[in-house]
Amino acid sequence: MAGEDCVRKRQSGSTATCKTPENEETQRRPESERSFQNSSNGRVDVDHAITRKMQLIAEAEQLKPAFMKEVDSHFTEFVNSLAAKSVFLDSSSASPFPASCSEKELHKAKTLRAPPEHGKIFTARRSLLDELFEVSHIRTIYHMFIALLIVFILSTLLVDFIDEGRLVLGFDLLVFVFGKFPVVFCTWLCMFCATVTVPYKLFVWWAQGYCSSSHRVLRSLFYGTLFTLFQTAGLGFGPTYIAVSYALPPASRFIVILEQVRLVMKAHSFIRENVPRVLSSVKDKSSTVPIPKISQYLYFLFAPTLIYRDNYPRNPVIRWGYVATKFAQVLGSLFYAYYIFVRLCIPQFRNSSQETFNLRGLVLCIFNSILPGVLILFLVFFAFLHCWLNAFAEMLRFADRMFYKDWWNSTSYANYYRTWNVVVHDWLYYYAYRDFLWFFGKKFKAAAMLSVFTVSAAVHEYVLSICFGYFYPVLFCLFMCFGMVFNFILNDRRKGPIWNVIMWTSLFLGQGVIICLYSQEWYARQYCPMENPTFLDYLKPRSWSCHMKM
């Protein structure tokens, strides 16, 4: 045994070192630990232990960024590889995915979207904010916004108490902007019922007789013309006429016009996705015509997506507590916006509208409007893209909750446009951008992008013009001028954090310009009404001439 060997060597006077397992372990220990052992003499050296612990913590903190970066890179590579294999599986139904796919093929698949015959692929996933709110640090930011709302409420109550001598709990602004609700509900009901019946019936009649028809082109032109008339006259002109003729207030107009745009996009998606299926079945001489059920179409009209599918990934249960929480957050965001307008917007623009127009006043107005503009931007994102869509997704057990991505981390406007509103971006990509390239060829990518920008800018300006009751193309100019320029300058090659700062700075300034100019025009039309306005009077900005007169 080792101990006996040591005794013999000691007895024989050998000068060799006795290497027992215990001694070898002692030799392998770091010098600091051995010195700690030697200096302690059986007692715990507290100061040395604390120093050693702090050293270990410092080393761990130094290793943490590299470790997290390594884990993130491996995880990203794994997810991209998995997505690439999924693309190959979907695009090659005849031949299975090869066991050994080359790196070149995998890299090519990573840069591709879903194959054209499949379009967008839906999968079960949570919304990003739901995942982030599980982190206490991110949840604290949410709590800070709640605290800011409480401050707004207290400020309003205290000011009203000082001015009136009592607490004023009236919400006259909310009552005004959401006025004439029965007209809004009846208009929406007519729009929805028409969208349920007309596009579906037109498609069914066309599909059932297309195979046996001897004049397929004429039949397609006839039903296509009827569908286009329904989209432009029925869903296009009708709701707009009601909103204008009944003089609906701004928020009520927003409900009608946004629902009008949503139903037009959904009806287009339903026809666009199902017509190629019928044409393929006729080409393949299939005995059955693929006509969706009315229940599938009805589910699509309520589902929080603008891309039609016969079936979507579904969750097993409905969490009604989650639904109630999301609707409560929508209501809270509504009151948040109310207090922002009451405390930050109305006092400023009510007074500035009575001052002479000058460059200094315009610059101050823009910079004073940045804070309320950014808060309104956050509230629109949180209330609609997160809470409202997630509430309906939960009630319908709709499992794909990627309504947005991490747009706040964007270092380019190209990425910001893709991630801010994924629902609308998918529709524009598949039915505007990609169809444009299919029709004109892949050489015209710049023209396709310009057409998508034009359509998006025109629709946004149309919504604001109808809802505010005047034409003032501020948003259209920002889209077409600065938006297009930044899209090419701040492109996807910009990766550094400085570009994220530039993106946020320009976004702040843009929100200030929008809030300032549209609010000035609103109050100018209140203070400087025209008795018999002509059509051109609705197109000319009233804020310029109104300020000059005053």
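Even glycines carry a Cβ here, placed using N, Cα and C.
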Transmembrane segment per TrEMBL - which of 261-280, 501-520: 501-520
Intrachain neighbours beyond the transmembrane segment (362-393), with Cβ under 8 angstroms and 6 or more residues off its ends: 127, 129-130, 145, 302-304, 322-323, 326-327, 329-330, 333-334, 336-337, 340-341, 344-345, 348-349, 352, 399-401, 403-404, 420-421, 423, 507-509, 511-516, 519-520
Other C-beta atoms that fall within 10 angstroms of the C-beta of H460 (active site): 16
Contact set, same chain, for the transmembrane segment (501-520): CB under 8 Å, 6 or more residues outside the stretch: 345, 349, 352-353, 362, 365-370, 372-374, 376-377, 410-413, 416, 464, 468, 472, 474-475, 478, 482, 486, 490, 543
Cβ contacts under 8 Å made by the transmembrane segment (444-464) with residues that lie 6+ beyond its boundaries: 254, 257-258, 261, 424, 428-429, 432-433, 436-437, 472-473, 475-476, 479-480, 483-484, 487, 518
Non-local residues, at least 6 beyond the ends, that sit with Cβ under 8 Å of the transmembrane segment (320-341): 145, 149, 152-153, 156, 171, 173-174, 372, 375-376, 379, 382-384, 386-388, 390-391, 394-395
